[in-house]
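Undergrad: The following block contains the structure, expressed as structure tokens.
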There are 4 protein chains.
Amino acid sequence: MSGSTLGTLFRVTNFGESHGPAIGCVIDGCPPGMSLAEADIQQELDRRRPGTSRFVTQRNEPDAVEILSGVYEGQTTGTPIALLIRNTDQRSKDYGEIARQFRPGHADYTYWNKYGIRDPRGGGRSSARLTAPTVAAGAVAKKWLAEHHGTQFHGFMTQLGCIDIPFESMDYVGQNPFFAPVHDTEALEQYMDGLRKSGNSCGAVIRVIARGVPAGWGEPLYDKLDADIAYVMMGLNAVKGVEIGAGFASARQLGSEHGDAIAPEGFASNHAGGILGGISTGQDIDVKIAIKPTSSILTPRPSIDVDGSVVEVVTKGRHDPCVGIRAAPIAEALLALVLMDHALRHRAQNGD
Amino acid sequence: MSGSTLGTLFRVTNFGESHGPAIGCVIDGCPPGMSLAEADIQQELDRRRPGTSRFVTQRNEPDAVEILSGVYEGQTTGTPIALLIRNTDQRSKDYGEIARQFRPGHADYTYWNKYGIRDPRGGGRSSARLTAPTVAAGAVAKKWLAEHHGTQFHGFMTQLGCIDIPFESMDYVGQNPFFAPVHDTEALEQYMDGLRKSGNSCGAVIRVIARGVPAGWGEPLYDKLDADIAYVMMGLNAVKGVEIGAGFASARQLGSEHGDAIAPEGFASNHAGGILGGISTGQDIDVKIAIKPTSSILTPRPSIDVDGSVVEVVTKGRHDPCVGIRAAPIAEALLALVLMDHALRHRAQNGD
Amino acid sequence: MSGSTLGTLFRVTNFGESHGPAIGCVIDGCPPGMSLAEADIQQELDRRRPGTSRFVTQRNEPDAVEILSGVYEGQTTGTPIALLIRNTDQRSKDYGEIARQFRPGHADYTYWNKYGIRDPRGGGRSSARLTAPTVAAGAVAKKWLAEHHGTQFHGFMTQLGCIDIPFESMDYVGQNPFFAPVHDTEALEQYMDGLRKSGNSCGAVIRVIARGVPAGWGEPLYDKLDADIAYVMMGLNAVKGVEIGAGFASARQLGSEHGDAIAPEGFASNHAGGILGGISTGQDIDVKIAIKPTSSILTPRPSIDVDGSVVEVVTKGRHDPCVGIRAAPIAEALLALVLMDHALRHRAQNGD
Amino acid sequence: MSGSTLGTLFRVTNFGESHGPAIGCVIDGCPPGMSLAEADIQQELDRRRPGTSRFVTQRNEPDAVEILSGVYEGQTTGTPIALLIRNTDQRSKDYGEIARQFRPGHADYTYWNKYGIRDPRGGGRSSARLTAPTVAAGAVAKKWLAEHHGTQFHGFMTQLGCIDIPFESMDYVGQNPFFAPVHDTEALEQYMDGLRKSGNSCGAVIRVIARGVPAGWGEPLYDKLDADIAYVMMGLNAVKGVEIGAGFASARQLGSEHGDAIAPEGFASNHAGGILGGISTGQDIDVKIAIKPTSSILTPRPSIDVDGSVVEVVTKGRHDPCVGIRAAPIAEALLALVLMDHALRHRAQNGD
């Protein structure tokens, strides 16, 4: 019944509900002596912040983070770092009508079955808003990994609904609201405008790459690096699939084709996605995730209520028509958290 | 550096190497009072046993399991159940030549980087042989779930290399060496014979379904039911992708299409794969995994050795040309272990 | 390096420093559907609050708790309960002089050796102030245990420095600032007044009893109920000894004397302190803890500073002359947290 | 309900029953590259072995350990080390008569209440025989600590029943069956002979010291070094009290007396027992444990059976009249396991 903690040595415990007083997390296990300020975290939160374009939810949250502990005179002390984000733009009245109904595709039904009680305001704890503390914790992990290993994270969109997005350049990713690695995003904008008008939603595919991961991180069994990555990625709201390296395409490859040849100067390809036997190879860690369409839509859907009576559900309020649009920085944070944990595990083993 | 334990309340700690004295596991947390005999476990081990057809490794291992503890007069006592499987058919001479080389696509390179030492006999701990203790533990979980919730597991192959396998009937799965749900497997046999002659290997896709899982199992964050499933599945040897329900196809669906409509008599579809918000819906849990082609092949591959010198690797010895062929019972076991853990978590929460 | 989480199923993650912005905790695993208000927690915090008599530190902290999550319309939802206590009476200037010195008997020296950095303000994380979140979490555990099992907790002082305190009645415990079960505490007051005048400090022994614990809670090995109790008690600031039941006196008993005879109506004695083989017997859980004298005293003490130079340390500022005086409610909270955890473990095992 | 695993980074999972096929453990997290042979472990097992003098149980067990995994060509590989000890001298007939009775002071009653089933043969899992795997694991920890930090462990008896044993020299400890640091043990022998004739049992106090522990090991909260030590020690069969440093005597000390003065050359005393604020000081870790008298005695005791009927219990069979006699090497092993875990935690934090 507990289960809100991520990681073994770099442990993140998440708390909060979408419309409660606050959300946040406690990071336990950050090494001492790293400089850390709220601005380091805020910049990552701002990347996933709602209300920044017409393609995402119009909920207006500054998501201002406060460091409550674990930092003294601008340095981490090695003790738990508690991060607090107050919820400021709650409009509970928007959600009152669905307190007794189960939205198709939403966690309403399962929370009700699990707990016998649920906080219906904005989806309560099942809201994608709870990824904000994860992003905040990920910012700390990213900073440490960058300083100690030069690791860099690159998340971007490769598919929006039915539109495949070619890779042009990482430089474009920060220049459009889709985290798309393309110069021209007009087709994406038109697609989203059409969806919004029709009161519908769509899915997406996000790819995230970590560059600068040393060889030798991960455990053979069961806590493999890829297993832990799959765990955090599939645990992200709306994710229904995870691939590493060649992913499902590897089922169609021959052994002579899939296995990445090794030369003194390095690997000739990266079908492995940077992981062999659950342990990093030193190549890019390469992950793709499939995100389902948002379940909260204006299109009427048949469902039942808590009494089992037939209802027609129309979800008003403010929602992302594609939660994948803001998912790239979240996927980066999740990957960073896994790598940070294995970085410390490796130190425990080898002492360096 | 530790990491060989799976589960929170139903905990399985795995040990062993492919050619060491023995492999096995300790199951900690099995409820008391369940009847359990070695035969209950042996029948599942026999399903994944090597040497049973010409399409799998010819290593001849009886994989006979011995219960060392936790059972008294045929009943579980609630204390740890230790399971031991002696390795009997080790031919270490087969592997001596590759002790200094890194097979492309294999864990040789990463183990070396992680530990600075590795057991080269049969792949050591990275061998798929280490799935045997997992299957043994899964047999215990399956028995408990069947008795308490009527849960049943159905693993089968849906793709072998480039061949898509249609679903005809579960009845056929046990009648051919491929765990294929089809009557006629001649095409699969010919494909594998061709591969073997060419000294190559192929991948596969396995689907596993759990029927009879109550609604309400799973944690919202981070230990979601789907997150834990992705963790165990991606952690299985050679797996490069995991899908739940509609998986990657969900990225192309509209919200009005993906969200499974609910009626008083149940859900109208199962794009969710039986999980919403990380918690079971009561529908079938539906998982697919992509398995890469075996990396140990007779086809010569360019690589390096421990000194960084260029070598050409040819892997002789006994290997599965497609590890996916024996993966169905393993995937069932992994799914059972996750569900068992969440069954106990749910009891801890709700007391029933 | 992480390690700030207590419990397996009822998990409390503690954060904060004595003079940072805030202290608090996240409780993960509280069952849903229990009524919970801030007042339920505040009443326990008020029992350990500083500044309530002349015998404790004069730091004036309201220790007002805010529930940030996990409660909806006055009921626990089963999701993490985050509790926040702002620090309000920080006077960092009091502590500036000791930032470079190591107080004998204090954690200054060890934190410095462990982290290479420390927050010197009020002892930072080593301050007994960090027991406040533990007490807050314990209040939640106490409430659940009282409602589900009728469990009651009774903490009281049995020794103050060299003064043995006889047991007269639990009724007196709440009527004096010492948590002493005696009517007349004048001798204790005089003793403390004398200590304060001499700038010295003293130790104490606290006994805590839990009444109404069902038989059958605990694990055989290693997570015994008494092992977990010893862990939390020895982990409390200043504790140097823990006894259960007859404790050290049991070493002088014969087997015929120590083993509590059993009759149909119950046990004839309780030398076991309510625990046999690591599992509760249904009798009172009976624990004693020895608390060392406060290390922060006005009496000058020889020590060294961070450069290894000889210094004479005089600790001004506000300190408890005997931290044992406020320890009874803390010991109750710790015992409640252990029992709560094992209550849920027992449910996971037996489903009731 | 699980709970048989000790440690966070150096994890020991214990299994087995006194008269089942085997007992043993899996050590997960031992660093790679340490030489390890069965003889390294066997020598520690031989120190606690039964049947070596007339003062301990006459059960004749060679306790021969087999390494099943994790060691290749005499070196640890970093993967789990499984250790197996077959039970060879089971005489189940000795115990048949007490399968339905609850021995006063024994775990019979609580196991029955916890599980509703119990293995009565030789006490099943509650037998002190289960300390053998702990000693085996401790031998691995001791070896690593000795090689990396020069740490040495010294366990010895300070009290046998009512007889206080003065400290003469560690040299004597290995020369008598009591682990007593005295030259002349005739008084101890006579005392034990008298006990045995009268069919009774007695308790003991054991002290264990670890020398050569660097400053800086331990976590501030909650996983303090002293908390973890108290956990393992109180979890040892028959232990009812744990003291660190001055222990209960510290309650009678003044602050000016207790706090160990610090000089450039080191501490002037060690009332702290080598731990301040939960973290090691670099001094000797100094622990005392109180062991209750054995509950299995020939003296008739009043009790009840599983039906609640009055019975008179006389425990025949082979038992230690004082389990404290063989406890010194066990206490050393437990202390070594805790220190090993914190050594690795410290490496994870600091990378050295």
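Note that Cβ sites are derived from N, Cα and C of the backbone, with glycine treated the same way.
TrEMBL labels come from automatic prediction, so no person has curated them.
Dumping what TrEMBL says about this protein:
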BINDING   C:Arg48, C:Arg54  NADP(+) binding site
BINDING   C:Arg125, C:Ser126, C:Ser127, C:Asn237, C:Ala238, C:Gly277, C:Lys292, C:Pro293, C:Thr294, C:Ser295, C:Ser296, C:Arg318  FMN binding site
Undergrad: Which of these binding-site residues, C:Arg48, C:Arg54, C:Arg125, C:Ser127, C:Lys292, C:Thr294, are close to chain D by Cβ (under 8 Å)?
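TA: The answer, in sequence order, is C:Arg125, C:Lys292, C:Thr294.
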Undergrad: So of C:Arg48, C:Arg54, C:Arg125, C:Lys292, which of the binding-site residues has the fewest other Cβ atoms within 10 Å around its own Cβ?
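TA: The binding-site residues C:Arg48, C:Arg54, C:Arg125, C:Lys292 were compared, and C:Arg54 has the fewest Cβ atoms within 10 Å.
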Undergrad: How long is the line from the C-alpha of C:Thr294 (FMN binding site) to the C-alpha of C:Arg54 (NADP(+) binding site), rounded to the nearest angstrom?
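TA: Answer for this pair: 16 Å between alpha carbons.
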Undergrad: Quick one: largest C-alpha distance among C:Arg125, C:Ser126, C:Ser127, C:Asn237, C:Ala238, C:Gly277, C:Lys292, C:Pro293, C:Thr294, C:Ser295, C:Ser296, C:Arg318, binding FMN per the record, in angstrom?
TA: 44
Undergrad: Let me know how many other Cβ atoms fall within 10 Å of the Cβ of C:Ser296 (FMN binding site).
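TA: Here the count is 27.
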Undergrad: To the nearest whole angstrom, state the Cα distance for the pair C:Ala238 (FMN binding site) and C:Arg48 (NADP(+) binding site).
TA: 16
Undergrad: Counting only other Cβ atoms and using a 10 Å cut-off, which of the binding-site residues C:Ser127, C:Thr294 scores lowest?
TA: C:Ser127
Undergrad: Where does C:Lys292 (FMN binding site) sit by DSSP, helix, strand or coil?
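TA: Once the DSSP labels are grouped into three classes, C:Lys292 (FMN binding site) ends up as coil.
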Undergrad: With CB distance below 8 Å as the criterion, list the binding-site residues among C:Arg54, C:Ser127, C:Ala238, C:Lys292, C:Ser296 that sit near chain A.
TA: none
Undergrad: Using DSSP reduced to three states, classify C:Ala238 (FMN binding site) as helix, strand or coil.
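TA: Assignment for C:Ala238 (FMN binding site) reads coil.
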Undergrad: What is the total of other Cβ atoms whose distance to the Cβ of C:Ala238 (FMN binding site) is within 10 Å?
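TA: So the Cβ neighbour count for C:Ala238 (FMN binding site) comes to 25.
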Undergrad: What whole-number Å value do you get for the CA-CA distance of C:Arg54 (NADP(+) binding site) and C:Ser296 (FMN binding site)?
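TA: Per the Cα atoms, C:Arg54 (NADP(+) binding site) and C:Ser296 (FMN binding site) stand 17 Å apart.
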Undergrad: Please report how many Å separate the Cα atom of C:Ser296 (FMN binding site) from that of C:Arg48 (NADP(+) binding site), as a whole number.
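TA: Approximately 19 Å lies between the Cα of C:Ser296 (FMN binding site) and that of C:Arg48 (NADP(+) binding site).
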Undergrad: Measuring Cα to Cα, how far is C:Arg125 (FMN binding site) from C:Arg48 (NADP(+) binding site) in Å?
TA: 18
Undergrad: I need the CA-to-CA distance for C:Ser127 (FMN binding site) versus C:Arg48 (NADP(+) binding site), whole Å please.
TA: 14
Undergrad: What Cα-Cα separation, expressed in whole Å, is found between C:Arg48 (NADP(+) binding site) and C:Lys292 (FMN binding site)?
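TA: About 18 Å separates the two Cα atoms.
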